[in-house]
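Peer 1: Copied straight from Swiss-Prot:
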COMPBIAS  8-21  compositional bias 'Low complexity'
MOTIF     124-131  motif 'Nuclear localization signal'
BINDING   Cys166, Cys168, His181, Cys185  Zn(2+) 2 binding site
REGION    174-186  region 'SHR-binding'
COMPBIAS  207-216  compositional bias 'Basic and acidic residues'
Amino acid sequence: MPVDLDNSSTVSGDASVSSTGNQNLTPKSVGKKKRNLPGMPDPDAEVIALSPKTLMATNRFVCEICNKGFQRDQNLQLHRRGHNLPWKLRQRSTKEVRKKVYVCPVSGCVHHDPSRALGDLTGIKKHFCRKHGEKKWKCEKCSKKYAVQSDWKAHSKICGTKEYKCDCGTLFSRRDSFITHRAFCDALAEESAKNHTQSKKLYPETVTRKNPEIEQKSPAAVESSPSLPPSSPPSVAIAPAPAISVETESVKIISSSVLPIQNSPESQENNNHPEVIIEEASRTIGFNVSSSDLSNDHSNNNGGYAGLFVSSTASPSLYASSTASPSLFAPSSSMEPISLCLSTNPSLFGPTIRDPPHFLTPLPPQPAMSATALLQKAAQMGSTGSGGSLLRGLGIVSTTSSSMELSNHDALSLAPGLGLGLPCSSGGSGSGLKELMMGNSSVFGPKQTTLDFLGLGRAVGNGGNTGGGLSALLTSIGGGGGIDLFGSGEFSGKDIGRSS
């Protein structure tokens with residue numbers, strides 16, 4: 001017993017000494033310099049390099065009674081006090097203890113360098129386990145693994161209780177995942193902003209400017225606005241009047257059958273200028289028309305000349321115009337299906353256009369009629385109409401041979417007569433037709449050596465026949481030697497001989 005007391009007194013004395021020593025050292029600790037940052041040890045510290053086995057070892061100090069292990073000897077001595085076993089604590093010597101630092105045994109690690117050594121044994125052990133050891137502990141909620149048990153316990157307490165929300169709306173339960181995602185999200189947003197800035201510099205109008213037409217026209221205005229009908233040009237020469245002349249109708253027929261009229265802005269511009277359209281028609285047929293002739297002929301209300309050019313009973317093929325404008329140049333309702341044309345040459349009017357997209361096709365040749373049929377038709381038309389309509393009913397169309405060309409001479413302009421070869425008088429109103437009916441026309445005069453009366457050739461020897469007027473005309477149609485019908489010699493004299 002006295003030994004135990006001595007031991008106890010000794011221990012208590014040591015404890016008291018140590019306690020008094022601690023009390024004496026406490027004022028001195030106030031004047032110590034601040035701790036260095038981790039990895040920046042004191043240059044005078046002792047550098048200790050431990051083996052990986054020593055760093056990974058746990059419970060180096062084991063209790064012989066309960067076999068409980070401890071990492072430090074002091075912890076084991078304190079544990080022994082619980083078993084009423086003798087225990088001994090190391091006394092702090094009065095000498096200044098040299099500070100110890102620990103380096104990582106892995107050569108490639110940052111903390112392998114003595115200048116980056118760690119000043120705590122526990123710190124170097126945890127570092128080695130975290131960076132170079134095996135991760136043994138796994139979280140049941142997020143399946144994250146840990147090499148240090150204390151880290152795993154700390155994570156298990158807060159796992160699932162705190163959420164990290166990114167600006168894009170994504171939720172994260174782990175802070176490290178949130179940090180990684182946020183870095184990627186910020187980089188993506190910065191790249192998008194950069195591309196937008198570049199596109200704005202390259203195409204400023206596309207990005208900033210709106211279409212003024214769209215702004216001016218609202219959807220309601222677009223829906224309420226009625227669809228405009230396709231614009232079709234009105235009548236060619238003059239606006240329709242109650243007493244319309246035959247010449248105006250003939251000009252309409254010529255323009256509709258010769259010109260490829262389309263529903264275009266050009267036709268709309270020329271709808272108030274008949275001279276332009278007639279000039280185009282004359283160029284297509286081969287006539288020479290001047291503006292003065294057009295103005296004079298336009299004021300002429302007697303339609304005899306134009307009536308001889310085109311028959312009022314022409315077939316619908318003569319009125320073939322663009323189907324894009326059906327209301328343009330509409331034919332009369334009293335038209336008959338067949339024409340009294342003496343010409344079989346389809347190249348006089350040129351190809352017509354029925355539909356703008358289709359190709360041009362020539363008109364089919366009209367069947368020839370005998371002289372008897374022509375006379376009967378002339379008698380019928382003469383009984384129902386005036387002189388102008390009689391000649392217009394004949395439907396005599398001029399055609400010449402390939403060797404004969406139309407003259408461009410001013411004295412024999414073919415535009416006012418439209419194929420008759422009658423001289424143009426600037427101030428006259430139908431005088432040419434009157435002279436023809438009375439027999440005083442220069443057509444039958446001695447100066448006219450050759451008469452090309454719409455395809456009815458006349459020999460030089462017959463130029464002296466000046467009497468008769470209309471009877472001479474019918475006589476020249478019906479018989480007599482030296483008449484070359486159509487001027488091309490396609491039919492013999494037997495076909496046109498008078499039947500008595």
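Glycine is no exception: its Cβ is also placed from the backbone N, Cα and C atoms.
The model shown is predicted, which means the values in this text are computed figures rather than measured ones.
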Peer 1: Work out, from DSSP, the number of helix, strand and coil residues along the motif 'Nuclear localization signal' (124-131).
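Peer 2: Going by DSSP assignments, the motif 'Nuclear localization signal' (124-131) contains 8 helix, 0 strand, 0 coil.
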Peer 1: Can you list the residues of the same chain, besides Cys166, Cys168, His181, Cys185, whose Cβ falls within 8 Å of the Zn(2+) 2 site's Cβ centroid?
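Peer 2: Sorted by sequence, the hits are Asp167, Gly169, Thr170, Phe178, Arg182, Phe184, Asp186.
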Peer 1: Which residues, given as numbers and ranges, are at least 6 beyond the ends of the motif 'Nuclear localization signal' (124-131) yet have a Cβ under 8 Å from it?
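Peer 2: Those are 50, 52, 55-56, 102-106, 109, 111, 118, 147-148, 150-151, in sequence order.
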Peer 1: By a Cβ-Cβ criterion of under 8 Å, what residues six or more beyond either terminus of the region 'SHR-binding' (174-186) are in contact with it?
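Peer 2: Answer is 142, 144, 159, 164, 166-168.
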Peer 1: Including all protein chains shown, what's the count of other C-beta atoms within 10 A of the C-beta of His181 (Zn(2+) 2 binding site)?
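Peer 2: Excluding its own Cβ, His181 (Zn(2+) 2 binding site) sees 15 Cβ atoms within 10 Å.
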Peer 1: Using Cβ-Cβ distances, find the residues under 8 Å from Cys168 (Zn(2+) 2 binding site) that belong to the same chain and are at least 6 apart in sequence, listing them in sequence order.
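Peer 2: Set apart from Cys168 (Zn(2+) 2 binding site) by at least 6 residues yet with Cβ under 8 Å, we have Cys185.
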